[in-house]
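Novice: Sharing the record's features from TrEMBL:
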{"type": "TRANSMEM", "residues": "12-31", "note": "transmembrane segment"}
{"type": "TRANSMEM", "residues": "51-71", "note": "transmembrane segment"}
{"type": "TRANSMEM", "residues": "78-100", "note": "transmembrane segment"}
{"type": "TRANSMEM", "residues": "106-127", "note": "transmembrane segment"}
{"type": "TRANSMEM", "residues": "134-153", "note": "transmembrane segment"}
{"type": "TRANSMEM", "residues": "159-182", "note": "transmembrane segment"}
Amino acid sequence: MTESTSRLRRSLRRLAFAAAGVAALCALYLIRPESSGLVLPEALRPVADPVIQAIDVTTVLAATVVLAIVAAMRKLSYGMGAVLLLCIGANLTSAAVRAWESDAPSVLLPSGHVVAVTALYGSALLVSAPRFRPVIAGLGFAVVLGVAGAAALVEPIGIFGLAAGLMILAIWWALASTLMLYSPVAAEREERRPDTAAIAFSRHRGSLRL
């Protein structure tokens, strides 16, 4: 199997996963299952309020720009596009669902704060260096859990609302990761690039001196 064929198959699998996520999200709001809001200790409310207030448009945009810069520094050809696709797509989809399904129970709607944080988490995993990925995965998961808990304390949200947010993330992560399949890492690209005449001549002179 050639590399292009393997890449095409992985792309098709991820696109199929995204399509399945769209179907599941549509089914959720067509069925509108009964659900109650998550109940957490009210004693944590003073801690939850500052966490939710800190996640605003400015914070999310700043974090998105930082991740795009990381992608550019790592010379990931499509990394910036993948970050923007995931972050902007997930947040716009979350807002659109809340607008279109305004008559649905609030516990079924995705939390914008949770979607924003999970989109940044997914983007960080896409563009981070492999040696840092386990640390980012662990810390990011803890942050996502913390934000989800804070959101449950501040706004009405249920299990199906969290599931809707995760579906939105999964859809856009599948699309963004498909784009990243065609973004070669700089080191691999350099290994495939043949030496220019100048570099070859320089190496030949160095070997003669030795």
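Using the three backbone atoms N, Cα and C, a Cβ is placed for every residue, glycine included.
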Novice: Is the transmembrane segment (51-71) in contact with the transmembrane segment (159-182), using at least 3 Cβ pairs under 8 Å (sequence separation of 6 or more) as the test?
Specialist: no
Novice: Can at least 3 Cβ pairs under 8 A be found between the transmembrane segment (134-153) and the transmembrane segment (51-71), with each pair 6 or more apart in sequence?
Specialist: yes
